[in-house]
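Okay, so here's the structure we're looking at.
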Amino acid sequence: MLEHYGLMLALGCAVLAIVYGMLSARWVVAQPSGNARMQEIAAAIQEGARAYLNRQYLTISIAGVVLFVLVGLFLSWYTAIGFAIGAVLSGLAGYIGMNVSVRANVRTAQAARHGISKAMDVAFRGGAITGMLVVGLGLLGVAGYFAILQAMGLPLEQNLHALVGLAFGSSLISIFARLGGGIFTKGADVGADLVGKVEAGIPEDDPRNPAVIADNVGDNVGDCAGMAADLFETYAVTVIATMLLGSLTLAETGPHAVLYPLVLGGVSIVASIIGAAFVKVKPGGSIMGALYKGVIVSGVLAAIAYLPITQALMRENAHGAMSLYACALIGLVLTGLIVWITEYYTGTQYGPVQHVAAASTTGHGTNIIAGLGISMKSTALPVIAVCAAIWGAFHFGGLYGIAIAATAMLSMAGMIVALDAYGPITDNAGGIAEMAELPPEVRNVTDPLDAVGNTTKAVTKGYAIGSAALAALVLFADYTHNLQAANPNEVFAFDLSDHTVIIGLLIGGLIPYLFGAMAMEAVGRAAGAVVEEVRRQFRDIPGIMTGTAKPQYDRAVDMLTRSAIREMIVPSLLPVVVPVIVGLLLGPRALGGLLIGTIVTGLFVAISMTTGGGAWDNAKKYIEDGHFGGKGSEAHKAAITGDTVGDPYKDTAGPAINPLIKIINIVALLLVPLL
């Protein structure tokens, strides 16, 4: 009976999140969208974003159909159906979220005419839609498919293997969306900056720049649709991995270990919806403070709600209900720590960013050296925090305790994605205000909103990486337990004296570097093509710089769309193909080594790239705020170079490593019956 009510609670909360998202979308779209010029610019951004996503999803669907058939033939059709559900829901969360985002941008710009409170309301509500859809659709997919399989009378083991298929489907969408969106957005950004700011000397978001619309489109497909797919996948994967681990250790964890993570996710949705209502800013008030207030309220309410649920469901757990409650609290505390650490390394008010800005005064080279130093140093505190969380959670609840800490951390995804999706909305709002030549007081509202948006985007990347590392660790635990269950007569230990384990470790360690290199080179090629196109238009359409002729915005958008789709395919298949080859050729121990190697180097490479890139970006903004000579100074030119390097670091290669480390683990989990 308790099981039935718990499942209904999870499904009810998932539906509540989707209803909240739909009502908020209706409210946002009902807001005024400004004058004809603003609407024209917004329509161009909407058209570009839609064209890109349609082509991206068409390409993914071709790969998806092939994988659907392979999974069905070699594993089971229930797993294949799960794969399809995960892929469709992940794509849907990103698609709807992005469609709202490209409508909220112009409405935020219009609301900025009436002050910061109104503009903040529109921008945050626009972001909250994506956040609630991610957790709502994620929980609905996992709990709904689980409920259907249970109703069909399938054994628990078969149910959970089918859910691993759902995790694989969401992961596939995630890596394509993260990588393709990242190549598009940074190809546009770097190309627009190199010719616009550096060569032509025109400011950011200047309507004379032929790549300016592509740049604004990129903000949405990268930071909104890309992040939505990334955290949808991490959310779904973590819940499924925790359910699977609970089922494999039922004797220790008690009869409700499979249901517990679903209920935690459900009550956290209610906490996030209440927390979102607290995000209000008064004129002269702190924007970041208002956003953090929402996160803190959500976290505190979730912590309160976890207690009765844990006591009701986990009384029969060998570690005790209060020990598991402590594990859930560790997950929430880790969320706060990761957010604070990332802000420290990427916020303009702190030492690391100011150090990079100061280094810019002595030239381009010293800016790069300082940025690389910060990017490497920034790995220390987050990794120590993750290690402390793993130690604490294991102490209280064993491997299942680590899984619960990861689930609690991911249960805040609704609120965290809202912070992230707020970023491209305010960024676009500033761009629209600039291109539509709105009065300076509008930019005085959109600029501080955008500055905070840059920090929230960096913070959510840190959160996504930390949670991905924990999720991958839980998946690895599932892999080892599944191996043991499938081969009860053999003892599986990943011994460093075993040469196949060492080979696996080394191959796993190189994959994030190889993948990151492919992503960086792809952005370089895409940006180079944009630079050539922008130069051609400046040369062949002489009236652009004087404002008498209009640039061909659609050329850059179309070129980047084709380039991003082409470039994303090979790197995205890397984490699917490599574990299959290693597992089938070298065996399960080498595959285990591969998983650990990828988790370790993936965590460091991802943190280093995203935080370092964020520090370069905000060092440029710090100088633009009037420090070290301000805009147009030699320090500013050096900072633009650093930002140009940092852009693909933080928005393409770094974030795409998150889904990479999880896909490798999921593929390994699916391979267990074949090993």
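Each Cβ is built from the backbone N, Cα and C atoms, and glycine gets one as well.
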Of D121, D189, D420, D427, which does Swiss-Prot put in the Mg(2+) 2 site with N216, D219?
D427
In Swiss-Prot, which of the ranges 43-63, 568-588 has the transmembrane segment annotation?
568-588
Residue among D617, D625 sharing the Ca(2+) site, where Swiss-Prot lists D643, D647 as binders:
D617
Give me the count of other Cβ atoms within 10 A of the Cβ belonging to R178 (site 'Important for ion transport').
31
Name the residues of the same chain, 6+ apart in sequence, whose Cβ is under 8 Å from the Cβ of D643 (Ca(2+) binding site)?
D193, W616, D617, A619, K620
Candidate nearest K662 (site 'Important for ion transport') in space, where candidates are the recorded positions D189, N216, D230, D427, K650 and distance is Cα-Cα:
D230
If I take the alpha carbons of K457 (site 'Determinant of potassium independence') and D223 (site 'Important for ion transport'), what is the distance between them in whole Å?
8
Where does D223 (site 'Important for ion transport') sit in DSSP terms: helix, strand, or coil?
helix
Can you list, in sequence order, the residues of the same chain other than D617, D643, D647 whose CB lies within 8 Å of the CB centroid of the Ca(2+) site?
D189, G613, W616, K620, G642, T644, V645, G646, K650
Recorded positions clustered about R178 (site 'Important for ion transport') [Cα within 10 Å; pool: K186, D219, D427, D647, D651]:
D651
